[in-house]
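**Student:** Sharing a structure with you now.
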Amino acid sequence: MSSPTTLFDKVWRAHEVHRSDSGQSLLWIDRHFVHEGSFHAFNKLGERQLPVARPDLTFGIADHYVPTQARDVELVADPKVRSMIEQLSHNTQQHGVTLFGLSDPRQGIVHVLGPEQGLTQPGMVMVCGDSHTATHGAFGSIAFGIGASEVAHVLATQTLWQSKPKVMRITVEGQLAEGITAKDIALTWIARLGADGARGYAIEYAGEAIRALSMEARLTLCNLSIEGGGRCGMIAPDQTTFDYLRSRPWSPKGEAFEQACAYWSTLYSDPDASFDLEVTLQASEIAPTVTWGVSPEEALPIDHAVPDPEQLSDPAKARQARDSLAYMGLTAGQKLTDITINRVFIGSCTNARIEDLRAAAAVLAGHKSRVPGMVSPGSTLVKTQAEAEGLDRIFIDAGLEWRHSGCSMCVGMNGDLVASGERCASTTNRNFKGRQGPGARTHLMSPAMVAAAAVTGHLADVRQLPVTSLTQLGVRS
Amino acid sequence: MKPMTVVTSLGVALPAANVDTDQLIPARFMKEPRSVGYGQFLLYDLRHDAQGEPKADFILHHPEAGKAEVMVSRRNFGAGSSREAAVYALVDDGFRCVVAPSFGDIFASNAVNNGLLPAVVTEEDAEQLLAALGSTPGAITVDLEALTVSVGAVSVPFTLSPVWRTKLLNGWDDIDMTRQHTDAIATFAHQYAEQFPWSAPFPPDAALIGKG
Ligand code: SF4
């Protein structure tokens, strides 16, 4: 019998084309997603006059620069933004790559679209020139972000050189309390281990609380692996995974699906498999969590106060906290629930799937938002679904803008920006300085918590607000 | 790529932790073609005030800073977005090496792919180097053979994966390296397709397009 093996090792081994004397592996790539930002890589390919080795395994998605007010590239005012979208169309067309373009009814953010279309499957190795590619690991695949040189390499060879990372397991024991989400699990472990706490590791999430998560919540959790420095995050596939994948547009069909399920069922860490690092969290200790600083590690339960640098014993931490407070315009010791906001954003590959929109709508229903804000669904299909359920009316009636799908205010590349000095409660993944625009101040939290902030005008504990049952609202979900 | 052995140049201190790639190059500059030179965008929002005026006291605006090829910073340098443009900004501004206690994984491999050395030192050694450089550019030597960084009397070891060291020493390019394995890849692809037939994309029926 072979020795006990981790999920990660099983998938890695199945993809090793070659191992060099120095220990680097040349890995086979099952799926490669490219977006507008991949133009550098296509240019590199052009310089060498190389074709795309496997256009059938390469998929183009327009998301980072797409306008969210209209779906017409002609209406994009900034010629440079327009040219980003057009270059992607041109490059994919030239190389025979399937494109989910601006006006495609399936368009969406790459990490929402891949799973939704059934392109993301267990046991695969998947890459994209985007750090949140870790998202796809929710299906039990090894999925990670790469840079432009590596994108060019994958385009040219359908393989990638990688050194095998160490493997850590984050186990969440017990059951999450009502109102606690995958976003809270992620912010909790990142706050505990640090934004580089998982650097050099592939993460496997396990335990009762993880098994109980829906597919969409698993995607949120794996998405944030990179914010703790992880190379990738993965969850062993199970019935939840198989049920999600059955009858997705690009899933295997008929007999092939049954064969696939039989194989996917073997993808788990053997009981005695050893990990380089084990971390355990108790689900009962996880509270609704928000960030107060400029790194995802600067996160605290909502009933806490902003740290006082003078009280921190570690001088490096104190220095960082002082810098973060200055940028965020906060006072040491201030209660988190006293932080007033100027704007909200519900969107991004982290938290803009249908369950996220339902959770936010349940809090907003029947209320007005005290601040302006925007909702950008994770994909055009999510948007269509939300409209069929009447969620768009709830957001619009609350005074929020109902936009088209794209990366939008997560990164502001399309011009959807938070103004300098403004404070935004956001369902996104990065509270970095300037991430949502120069001088913008970002607080990360779950969709329901963003909705709670909208209703109250300040950071707020969603558990203390009335939440409307969506069935009461006549929403069919 | 140019092979690298020893960099003897000026170094600048950037005494901050978590200098993420969004700070190294803000997203709004990333639609520019590389030919414009990305050096002008490096740390743009840190080195300019809210009105867009250069901050005179920022280290990169020091009259000598243009000659600097080494940057020393704190932990978690280059975390976040996979944008290789962050490396382009450093390289186009003349940098050949960044020294820090830790790097974002994707940033580090992007760096090596562009001939930029990500040298990992301990937190204490980073503080020593930062103190030795102070607030002006200062002489620094990075020796890739000996794996040391020196500023004046301070000389500290750094670590780097042996694979990356070989690549930088030789100026190797991955695509060239991989093309030696073309046959092995073709054989693998064939066997893989037989073993995992369902892994090939099943294009949807036209009727399914538009359904989630
Ligand atoms: S939504 Fe944000 S994090 Fe996600 S792919 Fe787009 S820019 Fe990246």
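For all residues, glycine too, the Cβ spot is worked out from N, Cα and C.
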**Student:** If I go by TrEMBL, which of A:Cys349, A:Cys424 binds [4Fe-4S] cluster at the same site as A:Cys407, A:Cys410?
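**Tutor:** The record-listed residue among the candidates is A:Cys349.
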**Student:** Which residues does A:Cys349 ([4Fe-4S] cluster binding site) neighbour through Cβ under 8 Å, counting only same-chain ones at least six apart?
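**Tutor:** Residues satisfying the criterion: A:Ile109, A:Val110, A:His111, A:Val112, A:His132, A:Thr135, A:Asn223, A:Gly378, A:Cys407, A:Cys410, A:Asn429.
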**Student:** Mind giving me a neighbour count for A:Cys410 ([4Fe-4S] cluster binding site)? Other Cβ atoms within 10 Å of its Cβ, every protein chain shown.
**Tutor:** 29
**Student:** Kindly assign A:Cys410 ([4Fe-4S] cluster binding site) to one of the three DSSP-derived states: helix, strand or coil.
**Tutor:** helix
**Student:** Setting A:Cys349, A:Cys407, A:Cys410 aside, what same-chain residues sit with their Cβ within 8 Å of the center of the Cβ atoms that define the [4Fe-4S] cluster site, listed in sequence order?
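**Tutor:** Other same-chain residues near the [4Fe-4S] cluster site: A:Asp63, A:His64, A:Ile109, A:His111, A:His132, A:Gly347, A:Ser348, A:Thr350, A:Ala352, A:Gly406, A:Ser408, A:Val411, A:Thr428, A:Asn429.
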